[in-house]
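K.L.:
Have a look at this one before I ask anything.
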Amino acid sequence: EKNRKKMGKGKSHDPKDGKRKEKAKMRLKRNIGYVDGVSFIIGSIVGAGIFVSPTGVLKHSLLNVGVALTIWTASGLVSLMGSLCYAELGTALPFSGGEYSHIKRGLGSLPAFVFIWTSTFTKPASNAARALLFAEYATQPFYGICPAPEVLKKCLALAVLWSLGILNGCSVKMAAWVQTVFTLLKMMALSVIAIGGIVLVGGRKESLARFEDAFSSEIPNASQIAEAFFQGLYAYGGWWSLNYMAEEMKNPSRNIPLTVMTAVPAVIVFYLLVNISYLTVLTPKEIVSSVAVAVTWADRVIPSVAWIIPLSVAVSIFGALNSSMFTLGRLSYAGSQSGHLPVLISMLNVHSCTPAPAMIFSTTIASIFIIPSDLITLTNYFGFSAWLMIGLTCASLIVLRYREPHLHRPYKVFLPVPFVMVAMSSFLVLAPIVWSPNLQYVYAFLFMLGSLIVYLPFIHFKLHFPFLDKITCHLQLLLEVSPADESTESKCE
């Protein structure tokens, strides 16, 4: 600060000074283009699920092929509607933090704090689960039929987490490049399965009969269709990831809607083709009984190179983990900027302008979950919270339409769509609790309400401990980070 004041005493007559000052501002850089955005969305959605266990939809559809494929399509269309709602918010309010920033702008500080409080627990746990699953697939080929040692898997999971955490903390461009490469690799693997199915379907009469009589078997009831729908929507999870990096998108007004309209329909098409391919080679009963359906498919179709599929699963998980860690870092960064997390987390590295402290924070929490991995199972009961936050985000869109009608919106979604998403979210939050009530859901709700214990003293009444400033100062020097310069426009007031 002293150096800045000294430099400000002398008036410069160089007309380039203004440009230099603008370039010197500490803020996130717009390094993410259209291709990077598509890679991040596809990479976030396509994880291990479509390779390992697309059985949930078929099982709850009572092995009815027609109903299962319809639910895959419907789940994709719901995800597309949600992503279009987010596209409007992302173009109108292109800030880091995704749902958090939009909920704060539309509904206020307390709902936003509940969101970040819950996400700080659930999202790192999800990353820990992905890292452990990656370690499972990466180590198993070396141990054959024997299980790999737990210590080895946990060490590898920690190594992957911190490697990606450091990568995302050092360079946005490098993280985006890694994401693009791994997305291409996983889409190549899906293409092998999809094309293999298309080639085979012409020569298999029993496969053609399976599709000709797609709706001939027993039709599931409403409860079973809803359960299958849950499974399908879970497989499409991650379509909301782009809004977390809106502040770093090049030309967000154009690229955010274009990216969404490219990536989500592409995933829908691939998911349908891959499921058709599975059904071409395997019977519905074989798919439901298979532990890893893509591996079973490969053993039948390409036995000589079947090892490609387990490798593809590991690659797919790695790409999804990279995307998830990138977005989680931006969530922590945005929460800190609004005063909902310690101020250090909102600082940027002076060399790379990346939110390095936010990446360290989120990676550390994920690492804690890996050590006693049983904790991850608790987060299964927080599944409803994801749809609760999606509902609140779409409600924020509706509120802002009426409260701020003159807000510049480069893209506007058809207004009934967010109403449909709010209704859908309400159903998806309440249905599992009503159909299968469990004490763990009570614990999850109590945890979310527990955010008030922190919010009231530290956020509402602004309780502050002076000794924390000294710790922040030392860490700031150690990590070589500086506060981000305020943008000329209001951030989430």
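Placed from the backbone N, Cα and C atoms, the Cβ positions cover glycine too.
Pulled these from TrEMBL:
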COMPBIAS  1-10  compositional bias 'Basic residues'
REGION    1-23  region 'Disordered'
COMPBIAS  11-20  compositional bias 'Basic and acidic residues'
TRANSMEM  32-53  transmembrane segment
TRANSMEM  65-87  transmembrane segment
TRANSMEM  155-178  transmembrane segment
TRANSMEM  184-202  transmembrane segment
TRANSMEM  258-281  transmembrane segment
TRANSMEM  301-321  transmembrane segment
TRANSMEM  341-370  transmembrane segment
TRANSMEM  382-402  transmembrane segment
TRANSMEM  414-435  transmembrane segment
TRANSMEM  441-461  transmembrane segment
K.L.:
Okay, the transmembrane segment (258-281) and the transmembrane segment (32-53): do they have at least three CB pairs under 8 Å, pairs separated by 6 or more?
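P.N.:
Since 3 or more Cβ pairs under 8 Å link them, the transmembrane segment (32-53) and the transmembrane segment (258-281) do come into contact.
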K.L.:
Considering pairs 6 or more residues apart, do the transmembrane segment (341-370) and the transmembrane segment (441-461) have at least three CB pairs under 8 Å?
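P.N.:
By the criterion, they do not touch.
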K.L.:
Decide whether the stretches the transmembrane segment (382-402) and the transmembrane segment (414-435) have at least 3 CB pairs under 8 angstroms, with pairs required to be 6 or more apart in sequence.
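P.N.:
Yes, since the transmembrane segment (382-402) and the transmembrane segment (414-435) share at least 3 Cβ pairs closer than 8 Å, they count as touching.
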K.L.:
Cβ under 8 Å, sequence separation of at least 6 from the ends of the transmembrane segment (184-202): give me the contacting residues as numbers and ranges.
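P.N.:
Tertiary neighbours of the transmembrane segment (184-202) are 39, 42-43, 46, 50-51, 208, 211, 270, 273-274, 276-281, 294, 297, 301-302, 308-309, 312, 315-316, 319.
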K.L.:
What same-chain residues lie close to the transmembrane segment (414-435): Cβ under 8 Å, and 6 or more beyond its ends?
P.N.:
78, 81-82, 84-85, 223, 226, 230, 233, 383-384, 387-388, 390-391, 394-395, 397-398, 401, 441
K.L.:
Find the member of 155-178, 258-281, 301-321, 441-461 that has more C-beta pairs under 8 Å to the transmembrane segment (65-87) than any other listed stretch.
P.N.:
258-281
K.L.:
Take the C-beta pairs under 8 A between the transmembrane segment (155-178) and each of 258-281, 301-321, 441-461. Which stretch has the highest count?
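P.N.:
That would be 301-321.
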